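Going by Swiss-Prot, these are the annotated features:
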{"type": "DISULFID", "residues": "C28-C43", "note": "disulfide bond"}
{"type": "DISULFID", "residues": "C100-C140", "note": "disulfide bond"}
{"type": "CARBOHYD", "residues": "N129", "note": "N-linked glycosylation site"}
{"type": "SIGNAL", "residues": "1-20", "note": "signal peptide"}
Amino acid sequence: MKFLVSLVIFSLFLNGFATAQTLIQDSCKKAFAKDPQLSYDFCVNSLTQDPQSKAATTLESLVLASTKTAAAKITNLKGIVAQDLKDQRYQDIVEDLKLCLGFYNDANDDLTTALANIKSRDYQGANINLSAALDVPGNCEDDFKEAKKTSPITNENSILFKTILIPLAFTNML
């Protein structure tokens, strides 16, 4: 009898995991079909590594989880830039880094507003705020290019762009 109960519980757990995995894969596939800028592999990999995304049962909950992930990436990147500002190797690009830090603060505000939009089912508002946040990594990199300087955070900005693109693409599917 205990074996049967254990088997039923295991199969329910496995089914729940499979459902979340299917939601992630299907959502990433549909989003990629609509927006080729989105990397299908990056989408699936980043969402399957996130516990909130893995627990999502609807596209809306996946949008919330992926937006929170993007906000966490910005917070992490702000920490990296704060460390770079203290590093003597980057003293010739302090102003550029400060400008990027300001951009990240704006993006953080945009994502906070987008989360509120999503929770209230204002997907158009969420789209506007996610789009504004999506511009930030490029704006930061553009500043370095215009100044003919090398950005020490190009890779991080690329990852941030891809990360923000996920909830934006999903919001367009709601």
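Keep in mind that glycine also has a Cβ here, set from the backbone N, Cα and C atoms.
What Swiss-Prot annotates, mapped onto the structure for a quick look.
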residue	record	DSSP (3 states)
C28	disulfide bond	helix
C43	disulfide bond	helix
C100	disulfide bond	helix
N129	N-linked glycosylation site	helix
C140	disulfide bond	helix
Top Cα neighbour of C28 (disulfide bond) in the set of recorded positions C100, N129, C140: N129
Number of other Cβ atoms within 10 Å of the Cβ of C140 (disulfide bond) across all protein chains: 26
Integer Cα-Cα distance in angstrom, C140 (disulfide bond) to N129 (N-linked glycosylation site): 17
Neighbourhood of C43 (disulfide bond), C-beta criterion under 8 angstroms, separation at least six: I24, S27, C28, A31, F32, I166
Neighbourhood of N129 (N-linked glycosylation site) by C-beta distance under 8 A, where only residues 6 or more apart in the same chain count: D110, L111, T113, A114, N117
Under 8 Å by Cβ from C100 (disulfide bond), counting only residues of that chain that are 6 or more apart: V81, C140, D143, I153
